[in-house]
Amino acid sequence: ANWCEPGLVIPLNPLPSCRTYMVRRACGVSIGPVVPLPVLKERCCSELEKLVPYCRCGALRTALDSMMTGYEMRPTCSWGGLLTFAPTIVCYRECNLRTLHGRPFCYALGAEGTTT
């Protein structure tokens with residue numbers, strides 16, 4: 001069994017601030033009340049930091065998956081943009097958080113299996 005499955009180590013609806021942050025950064029639009037970008041980034045990094053490093057990439061993937069169902073995308077936004085930006089959230093210039101790869105890095109979120 002994969003212990004990074006949503007509902008175990010990863011919450012069922014993970015990283016709410018990161019979802020908003022991804023949309024703001026990748027699409028330039030806001031969902032819900034407009035929170036200043038640095039505040040949103042801080043909240044997102046804090047949510048990610050609470051997760052074990054092994055499951056951080058998987059949590060980002062789960063957050064994106066949950067957005068794909070029942071989520072209205074604006075014409076200015078593309079899943080491609082979100083998929084490209086999402087894995088960079090753990091990187092040095094963003095949250096700088098270690099992952100299962102032992103450094104601040106996630107593979108492209110569509111590229112790995114469910115263990116990431």
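Keep in mind that glycine also has a Cβ here, set from the backbone N, Cα and C atoms.
According to Swiss-Prot, C18 forms a disulfide bond with C44, chosen from C4, C27, C44. Per Swiss-Prot, the disulphide partner of C77 among C4, C27 is C27. The recorded disulfide partner of C45, taken from Swiss-Prot and restricted to C91, C95, is C95. Proximity note: of the listed disulfide-bonded residues (C4, C18, C44, C55), C44 have a CA within 10 Å of the CA of C95 (disulfide bond), given in sequence order. According to DSSP, C106 (disulfide bond) sits in a coil region rather than a helix or strand. Around C18 (disulfide bond), the C-beta neighbours below 8 angstroms that are at least 6 residues distant in the chain are C44, E47, L48, L60, A63, I89.
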